[in-house]
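Below you'll find the structure, written out as structure tokens, and then a few comments.
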């Protein structure tokens, strides 16, 4: 319902200011002055500004999709035994974390690109360290899965992320259990199960690794809300890397010494044998991806990134089938299609919930503003009345 509130400015006598949906117009006591030329210019400027914002948003989405796509294919290329043949996922992840830690330090401490968060030792130990441990496990297992599974099938398994986040959120009492939402989660799971059933090169160990990565990543996302967001601490991707990447590097060094270091020694691979162009470009893409997340979420929303992620997944499936020549079966596509529709519905439901909360918040703010204007109006009327009495 549209409405307008008229407030009489006692000090001006002849002038009235109208506020209508956060827009102000000047009126005289005799009527409303609204020239069509002025309104036309205003609408033209608003349309131009809106078009510019949409264009910028789509640009950020395109950059994020491109970088995310590039990092996934790059990691697959390095780790796959049929391609670059460097099957050391822990080492690759540690290279990423070392590179990102160094650049994040420069951006935060040297160039002052972003401000560091007020972080005490106790908060770092109780909040950042557990998140860093989970992040290191998620990256380790996720990169390991590229050795055993196709890119297309990994993207299909990643569709289970909303299921994992919601389920862990319910278990840790961060999400309210809703039968409709749970039915949506079951639909996603069924679709992924069908896709797995139709996978031509199914590898149980690879599936275990990817599902483990999804579980650790979902737990990390929920713990961020519990350990950081609830305490009023917000980390953007740059400050996240600044605090979390060194923790990941330290945690990964433990399994690296036990698992991969002996293998690298047996293979005779040292630091001097690394192709710094390949690994440097790979690490730079990984860091640029984190920067693009910072821009995308900052200029649009996390929901926009989720929707863009769905587009990216389809592009990766198409690339995996057409370029890498991974086999994608009809059952694969049918199962992922079911999961895709269920994820789209889940994102739509989340968007509607966000809009409802925003509308309620705006109505509440409007009521408060109207109450304040009425209070000021009554005060002005009382002042005018007392002034008239004194003059009389």
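Yeah, the Cβs are placed from backbone N, Cα and C, and that goes for glycine too.
Pulled from TrEMBL:
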TRANSMEM  58-78  transmembrane segment
DOMAIN    59-347  domain 'Sugar phosphate transporter'
TRANSMEM  90-111  transmembrane segment
TRANSMEM  123-141  transmembrane segment
TRANSMEM  147-169  transmembrane segment
TRANSMEM  181-198  transmembrane segment
TRANSMEM  204-228  transmembrane segment
TRANSMEM  240-259  transmembrane segment
TRANSMEM  279-298  transmembrane segment
TRANSMEM  305-324  transmembrane segment
TRANSMEM  330-347  transmembrane segment
REGION    367-392  region 'Disordered'
COMPBIAS  376-392  compositional bias 'Basic and acidic residues'
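Fewer than three CB pairs closer than 8 A are found between the transmembrane segment (147-169) and the transmembrane segment (123-141), and contact between the two stretches is not assigned (pairs 6 or more residues apart).
Below 8 A, the CB atoms of the transmembrane segment (90-111) and the transmembrane segment (305-324) form no more than two pairs separated by six or more positions in the chain, fewer than 3 in all. Counting same-chain residues at least six beyond the ends of the transmembrane segment (330-347), those with a Cβ under 8 angstroms from any Cβ of the stretch are 152-153, 156, 159, 162, 181, 184-185, 187-200, 303, 306-307, 310, 313-314, 317.
The domain 'Sugar phosphate transporter' (59-347) scores a mean pLDDT of 90 in the predicted structure.
Highlighted: of the candidate stretches 123-141, 181-198, 204-228, 305-324, 305-324 has the greatest count of Cβ pairs under 8 Å to the transmembrane segment (279-298). With a threshold of 8 Å between CB atoms, the same-chain residues lying at least 6 positions outside the transmembrane segment (240-259) that come near it are 90-91, 93-94, 97-98, 100-101, 103-105, 107-108, 116-117, 119, 124, 128-129, 131-133, 135-137, 139-140, 287, 290. Remark: the transmembrane segment (305-324) makes no contact with the transmembrane segment (123-141), by the rule of 3 or more CB pairs under 8 A. Long-range Cβ contacts of the transmembrane segment (123-141) within its own chain (Cβ-Cβ under 8 Å, at least 6 residues beyond either end) map to 89-90, 93, 96-97, 209-210, 212-213, 216-217, 219-220, 223-224, 227-228, 231, 233, 243-248, 250-252, 255.
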